[in-house]
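Participant: After the structure tokens below, expect a handful of questions from me.
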Amino acid sequence: MAPPSEETPLISQRSCSLSSSEAGALHVLLPPRGPGPPQRLSFSFGDYLAEDLCVRAAKACGILPVYHSLFALATEDLSCWFPPSHIFSIEDVDTQVLVYRLRFYFPGWFGLETCHRFGLHKDLTSAILDVHVLEHLFAQHRSDLVSGRLPVGLSLKDQGEFLSLAVLDLAQMARKQAQRPGELLKSVSYKACLPPSLRDLIQGQSFVTRRRIRRTVVQALRRVVACQADRYALMAKYILDLERLHPAATTESFLVGLPGAQEEPGCLRVTGDNGIAWSSKDQELFQTFCDFPEIVDVSIKQAPRVGPAGEHRLVTITRMDGHILEAEFPGLPEALSFVALVDGYFRLICDSRHFFCKEVAPPRLLEEEAELCHGPITLDFAIHKLKAAGSLPGSYILRRSPQDYDSFLLTACVQTPLGPDYKGCLIRQDPSGAFSLVGLSQLHRSLQELLTACWHSGLQVDGTALNLTSCCVPRPKEKSNLIVVRRGRNPTPAPGHSPSCCALTKLSFHTIPADSLEWHENLGHGSFTKIFHGHRREVVDGETHDTEVLLKVMDSRHQNCMESFLEAASLMSQVSYPHLVLLHGVCMAGDSIMVQEFVYLGAIDTYLRKRGHLVPASWKLQVTKQLAYALNYLEDKGLPHGNVSARKVLLAREGVDGNPPFIKLSDPGVSPTVLSLEMLTDRIPWVAPECLQEAGTLNLEADKWGFGATTWEVFSGAPMHITSLEPAKKLKFYEDRGQLPALKWTELEGLIAQCMAYDPGRRPSFRAILRDLNGLITSDYELLSDPTPGIPNPRDELCGGAQLYACQDPAIFEERHLKYISLLGKGNFGSVELCRYDPLGDNTGPLVAVKQLQHSGPEQQRDFQREIQILKALHCDFIVKYRGVSYGPGRQSLRLVMEYLPSGCLRDFLQRHRARLHNDRLLLFAWQICKGMEYLGARRCVHRDLAARNILVESEAHVKIADFGLAKLLPLGKDYYVVREPGQSPIFWYAPESLSDNIFSRQSDVWSFGVVLYELFTYSDKSCSPSTEFLRMMGPEREGSPLCHLLELLAEGRRLPPPSTCPTEVQELMQLCWSPNPQDRPAFDTLSPQLDALWRGSPG
């Protein structure tokens, strides 16, 4: 065969050529590893699962099981991808051609400082991909480029970039074939490594020009080959450079119909590092809807209209805060392609055990669920989990082999004279699907059948007897080597962390004065409280706000439960969710009084008793689903409720006139951890059995049990017989592992049984519960039905009529529907209030933070509008989220609506929780603030007011930059901004050039960041705040302006003193941030990896 000519591409234009004799076959194409047509796998008549075909292709390419989830099958033109559950049916006349490709991308994924797989410790992380995946990805990218699949530009800059890629391509060939550049170029042309359009352009040049270009390429090739980089480093460089030139190569876009866009199509874009974004047809700019961890559930329903390709499908994505995105796809294949993409990213980033829809569930994952088997986790994670479970002799883990698709591994704990040890057995699966232990010939139909046989017959491994006793089953959200940690994202805590029931609740709540409360009628009694109807009056700026409230008074006879009662109040004051009751605060005058919002229709157990059979199953299902949303929110926060029952579920809206019902979960009250056995027995069957067996403990799994019992309670329509039993019989019910009577809705039986499993480890996550509830009702038919419904079947929504679609832009909040709740903060220029946006007038709308100006002259209005435009354009995990705006009559006034973060500002948070915030958490906060500032700098935004008071706390592991009232956008072509009228300024946070010349830049923000580091490591202690320290340096007898004295101090080299507990490395970063010359200060993109490295190296 003659060597390729100058015009011969390494990849042929057609992927393959199929003759008529190949009819009735399925071909899976693999990316070519060199010149010639791609390798392909062919399959004859029959049915084939997409995931099974992927496994066959992975074996052919040397892709290990750990990396299997990065790949998928697509049509040859990449117009449609197939979910793992898709079945290909090959008949006599059919010929189908598919491509096996890497679908899930993480840009910048080389190097552990960018993206990596989760490790047990910060120094035990691993790369996302190995050399076989690297080779596959390189071949895939190179094939796309030289075949013309990627659109390319032909500017001089672009030509230089693609010639550089050709040099890298040729260099890796030289490494692979152990050839010198001259020898290689005798058989391969550099033009064969270029996109077709550039190849044609060069071919059309004069001989002299072609000769000059070739000489340049040869010289560059010799320099690259002479360096020490190996072939894999060259391939990695090629991939990163190509993804930099063509970011679209790592994204997928879908044309869809969006609500409010009429007939105009919109576009959804999915990327591994940013999640889901959307854009309408007339907008080029994409707006972020959510990142993958924010997704609660995804559903596919039949859309009302029919298109040319068949029935349209409506995909609904629900975000953690209750907002939804609805997109209409032209057909089921397109909808499944999109959902499978989101589903796959969620498993890679958040939870390797979860799937959103059964239509796209990987069959191997379903098999693992049925067999109580883990995925291909490494031995380190298996042993770690056994240790976390107590290293009990006989405990074991079943997992897929990380090396072989047809093998499973049994890792068990045994007791030896030297202590616990861990032994392993290899289990093989033959082509028929039967299982056998290596060394034993007996076959078994399932893994569980094999393990049962082992329990009866016993096992010997290395001369040690294995007596299997208890299985450590997979749990939702477990961290392992299957999880990818992305760059610039919140680092995840180590696996095995047991959430504390008081993770956020160190008695932090708003105190309400007794004289602001007005008492009305008594509404009854709780287990430990007396309950009253009342009003709260608050005067702000001369205006009186009157709010209807519920008053819960702690009974003086239960003083021993007072701390638990206040912990419940503290928990509710630090969470914000539509389906959780709002706590206004606590009044400590005499008795402890919890002041909550008043929910008019009361508890749903009472409501259901009143309405009886008139309440349809569809109504009950929506109420149950809303309760699951609330508990999922708490689960994601790591906060167990501990007292889930129908009497704790309050009905805010009945659900008539086409609006769905709306519920709110009330506070947990006194925790089961402090209750006596007699009181716990009285709570059967809502209290989880383990709460009785292990007094003083409360885990998230207990809420799953309570949810199951509450679901039974809502649907049964009859009293629970068990509640009338004697205490001894109640306990016997649990001892005998009794079950509640069967409901007439058999569809719910399986879900309730899973939630009320006596083994807490086998209860599903609330995301999985929501998925199963979604499966009970579709738009095609109703599975749950009542013969005599009394209430109209409303549309299935999370937050009802107050729901805001993500694609409304700008979001306009009607002023009349913003209900004042309390004052969050007040400054020289404006105030921020907590409001509920409640267009239906029934207290079911979301909580929001609303900023308004104190003085609204024309200049202040312009500055405020600028602040709004800046915040509106920002989409970052570490910057407070813009929600919308609200206009007064005639648009004479303007208010900014933002997300509400109940934990308040970082300054106050540090002061409150100093005792439990160690250096590792402070470094995490510092890194997050730095990443937020890096994001701002990349968008030419200078904050000008960076301080701990202007950073909000979302959770104990997440902070966000807020207050953009002084922010400025740098003019194009300039790196600084001169403020003409500085007004009142936070001078003790300002850089010298800002104080003397009103010059602000990214470098001046770096100076302020150094002060924030100081605030972090002094815990914002007032006695050593920046202002206190500088004023102390100035001395008591100072005269004149503090600004002049401060400038003199800084010019003399005086700086804030190093905090006593601050690591030396952080002190050095502070001093660099406070360099007098702005050019000597490190940039945020330099500080970020340094802080990340310090966080990873810190204990804890």
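Yeah, the Cβs are placed from backbone N, Cα and C, and that goes for glycine too.
Marked as active site, proton acceptor by Swiss-Prot on the basis of sequence analysis: Asp945. According to Swiss-Prot, the ATP binding site annotation covers Leu824, Gly825, Lys826, Gly827, Asn828, Phe829, Gly830, Ser831, Val832, Lys851, on the basis of sequence analysis. The domain 'Protein kinase 1' annotation in Swiss-Prot covers 517-777. Residues or ranges marked as domain 'Protein kinase 2' in Swiss-Prot (evidence: sequence analysis): 818-1091.
Describe each of these features in terms of where it is and what it packs against.
Facilitator: All protein chains considered, the CB of Asp945 (active site, proton acceptor) has 20 other CB atoms within 10 Å.
Around Lys826 (ATP binding site), the same-chain residues six or more apart in sequence whose CB sits under 8 Å from its CB are Val832, Gln854, listed in sequence order.
Note on the domain 'Protein kinase 1' (517-777): its mean pLDDT in the predicted model is 90.
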Participant: Measuring Cα to Cα, how far is Asp945 (active site, proton acceptor) from Leu824 (ATP binding site) in Å?
Facilitator: 19
Participant: What is the number of other Cβ atoms found within 10 Å of the Cβ of Val832 (ATP binding site)?
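Facilitator: Val832 (ATP binding site) is surrounded by 20 other Cβ atoms within 10 Å.
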Participant: Tell me whether Asp945 (active site, proton acceptor) sits in a helix, a strand or coil according to DSSP.
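Facilitator: DSSP call for Asp945 (active site, proton acceptor): coil, neither helix nor strand.
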